[in-house]
């Protein structure tokens, strides 16, 4: 087996990528989330494939086909709950993975980081379109609200929104194309994930100290495979607990009502993992400004490598930057809370302050803190 692992063309690729891959000795549990995201993607593709066998992408039958899956298909309720909650788990792992990248300076590997941002956009698009498919009230009105942002784009906006709609409003054509895109995008995500890994293996993994570790590496298997197995077991425990005991904990009750274009829900909001971006969108009174802020809330991550002013890669020995990082995390929690609240005082003002603080921390405070810390250390 050892000889085949190192000689067979396909086995050799797997060997170099996962088995004999040199890894830094000192990486912590925060480095587990890459493999956990991969596991979430596999679960989502597998459960999604089984759901697609019974789902019908038609406005008249979409809602009843989801009901049919839950009531009549063998273990359909389980597959549907796994798929719906798997998305939440996916985003929890994604956000923790990005947070680790910011904290430990992994953004300095520019190619890997930029592919990661592209992956985030693709996963967000996939999740948004998936939320539309059950054709409940929040599915329909969520699609309507987000699609109505597109006309704000100068010149091409009105044509773009009609092209996405496939008509003059969110209707059958919209649902059909959203289903087609939702089906194909996870495979594009899987391909991009391989490119992400390819770039990562060009430079090697980062480590908590943020310094080169070429002289002190160990093979990925068996050391890190067993370490990651612990993360997998813990995550599966949390996942199955939610799926089997609290399947509707992270969903919206409005989505159990069939879509009705004549009845607007009192409060339209996306899934919890988009609420921070939704809060930033709502905090700007101008439509185009809101759309720009929404895109920049994610795209600002691409500026991290250029805003890095410190001579140290990681935040491990940078207390001022650590403090600012945790303020940023707190700010994101506040934005998530505000995104789920109605548009009325005092939530409007809190959302605007939190949105300004979000960009201020990333664009101003982080670079300034890096310079101050270097000055204190006389570097």
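Using the three backbone atoms N, Cα and C, a Cβ is placed for every residue, glycine included.
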Candidate ranges 205-225, 226-246 [criterion: Swiss-Prot lists as transmembrane segment]: 226-246
Annotated transmembrane segment segment (source Swiss-Prot; candidates 8-28, 113-133): 113-133
Residue among binding-site residues 83, 97, 182, 196, 201 with least C-beta crowding, 10 angstrom cut-off: 201
Criterion met for the transmembrane segment (178-198) and the transmembrane segment (33-53) (at least three Cβ pairs under 8 Å): yes
Listed stretch, out of 33-53, 113-133, 288-308, 347-367, that has the most CB pairs under 8 angstroms to the transmembrane segment (226-246): 33-53
Same-chain residue ranges lying at least 6 outside the transmembrane segment (113-133) that approach it to Cβ under 8 Å: 48, 55, 57, 62, 66, 87, 90-91, 94, 98, 101, 106-107, 139-140, 142-143, 146, 174-175, 178-179, 181-182, 185-186, 188-189, 192-193, 195-196, 199, 270-271, 273-274, 298-299, 301-302, 304-305
Closest of 97, 196, 201 to residue 83 (heme b b562 binding site), Cα positions, binding-site residues only: 97
Range from 33-53, 288-308, 320-340 with most C-beta pairs under 8 A to the transmembrane segment (347-367): 320-340
